[in-house]
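S.K.: Pulled these features from TrEMBL for this protein:
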type     : residues : note
TRANSMEM : 6-22     : transmembrane segment
TRANSMEM : 43-62    : transmembrane segment
TRANSMEM : 74-96    : transmembrane segment
TRANSMEM : 129-150  : transmembrane segment
TRANSMEM : 170-189  : transmembrane segment
TRANSMEM : 201-220  : transmembrane segment
TRANSMEM : 285-306  : transmembrane segment
TRANSMEM : 318-337  : transmembrane segment
TRANSMEM : 349-369  : transmembrane segment
TRANSMEM : 390-407  : transmembrane segment
TRANSMEM : 413-429  : transmembrane segment
Amino acid sequence: MEIFYWLLFVVLGATLAGLELSRTSRDRITTSSAFSSFKNNYLLVYSLMMAGDWLQGPYVYFLYSQYGFGKGEIGQLFIAGFGSSMLFGTIVGSLADKQGRKRASITYCITYILSCITKHSPQYKVLMVGRILGGIATSLLFSAFESWLVAEHNKRGFEQQWLSLTFSKAIFLGNGLVAILSGLLGNLLVDTLGFGPVAPFDAAACFLAIGMAVIISSWSENYGDPSENKNLLTQFWVAAVAIASDEKIALLGAIQSLFEGSMYTFVFLWTPALSPNNEDIPHGFIFATFMLSSMLGSSTASRLLARSSLKVESYMQIVFLISAGSLLLPVITSFLVVPSNVKGGSISFSGQIQLLGFCTFEACVGIFWPSIMKMRSQYIPEEARSTIMNFFRIPLNIFVCIVLYNVDAFPMTVMFGMCSIFLFIASILQKRLMGIAESQRPKPQDWTALDERERETEPLNI
């Protein structure tokens, strides 16, 4: 393997280590022992859940191809997964507000374990059922756990700023360290020990079962709106009205869909972008480098979120602009760098530039996740939190299905250019969101007037 990959990995690792070791009291949030216990319990569960997800990701396509399915059939299976997340996942995920977030989290574990079991069958219909179950599980993963955390955090009376600490640590571990370790474990099971491509799915089922046991034994139940007279259609209506009537929620949903849509498109395109002439690139090592970049981003986010004077709406505008520029590099290099026509061989100079840009984008992803979680905790009403969060994923899943269906219809530069435009629009929407939030935040004189009114009415309340 070329020294370029090792040098990039070492530089990122050293930067991350330096960032973590150089923390000062200004970059840390002082918390209580009760909160630390609560946070560590959630991080354990979240890490186990993400291990169950990350173990499967690198081997889904490979397993289907080993069963003899072609690119078209595999594409249909992937579309079924995202379509299921959009249709069935939205319904099941929204039930978390009514039936309980703990119960929804347990449902995630059971659904994903069943999806892993279907991978043992080479039958197309069985695999299709597995993809549908996996789509439902994905919706629960990205709504039920966060909804439970926010509600439980508030119910226990912890400070609001402490929530950002849990978010940043969850992304640092779940989307960084756990992803790297899962990739190494999967490689050990499949290549080193020779257990075959289905082995990572069995390991994922084991981690999910352990996580489910921890949830059952240590989590308490919480709800969005536990009223008896509210059915699912009413929940959908309440969520839709909340989105339509509150521009901040609508903007947040649009920002999330634009960024995640670009992120999932990037997941499909980075391999052909770095090896347009079938260059020999170390996919596993590059994936680990991406995850290291994401950890660097989440570490940066934890510092930013620890400073109460710095608003998340402000710095995210810059993050979206940087991410837009990083995904524009494949377009720029196609015009400025002479393409190589040599088949095979090592990564080209253009590929090296793009890889640096992709690592920058992954660092932005690491900042994005805890920051968007923080904004969701501020703007989404508790009674319909899971429902609204799943509503946000509907346009995302539609977009990803369209991209999957037409991935070969457009040149790669067009796809990356589209993603860059989406991210630039996200930056504009973020600026709009900040403007609304600032205009609705009470001014110092408003607080003074409020205090005076409270003092005037205080004797009446005795």
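Any Cβ shown, glycine's included, is placed from N, Cα and C.
From a predicted model like this one, the values you see are computed outputs, not experimental measurements.
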S.K.: Is the transmembrane segment (6-22) packed against any residues at least 6 beyond its ends, judged by a Cβ distance under 8 Å, and which are they?
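M.R.: Answer is 285, 288-289, 292-293, 295-296, 299-300, 303, 355-356, 359.
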S.K.: Using a Cβ-Cβ cut-off of under 8 Å, list the residues of the same chain that are 6+ residues beyond the ends of the transmembrane segment (349-369) and lie near it.
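M.R.: For the transmembrane segment (349-369), the far contacts come to 4, 8, 12, 167, 171-172, 175-176, 259, 263, 266, 270, 273-275, 279, 281, 286, 289-291, 293-301, 304, 316, 319-320, 322-323, 325-327, 329-330, 333-334, 337, 339-340.
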S.K.: Hey, which bits of the same chain come close to the transmembrane segment (318-337), Cβ under 8 Å, at least six residues off its ends?
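M.R.: Contacts of the transmembrane segment (318-337) (Cβ under 8 Å, skipping residues fewer than 6 from its ends): 255, 259, 262, 266, 273, 349-350, 353-354, 356-358, 360-361, 364-365, 367-368, 371, 412-413, 416-417, 419-421, 423-424, 426-427, 430.
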S.K.: Are the transmembrane segment (201-220) and the transmembrane segment (390-407) close enough to be called in contact, which here means at least 3 C-beta pairs under 8 A that are separated by 6 or more residues?
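M.R.: No, these stretches are not in contact.
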S.K.: List, by number or range, the same-chain residues at least 6 past the transmembrane segment (413-429) whose CB is under 8 A from its CB atoms?
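M.R.: Here the qualifying positions are 251, 254-255, 258-259, 261-262, 265-266, 269, 273, 317, 320-321, 323-325, 327-331, 334, 403, 407.
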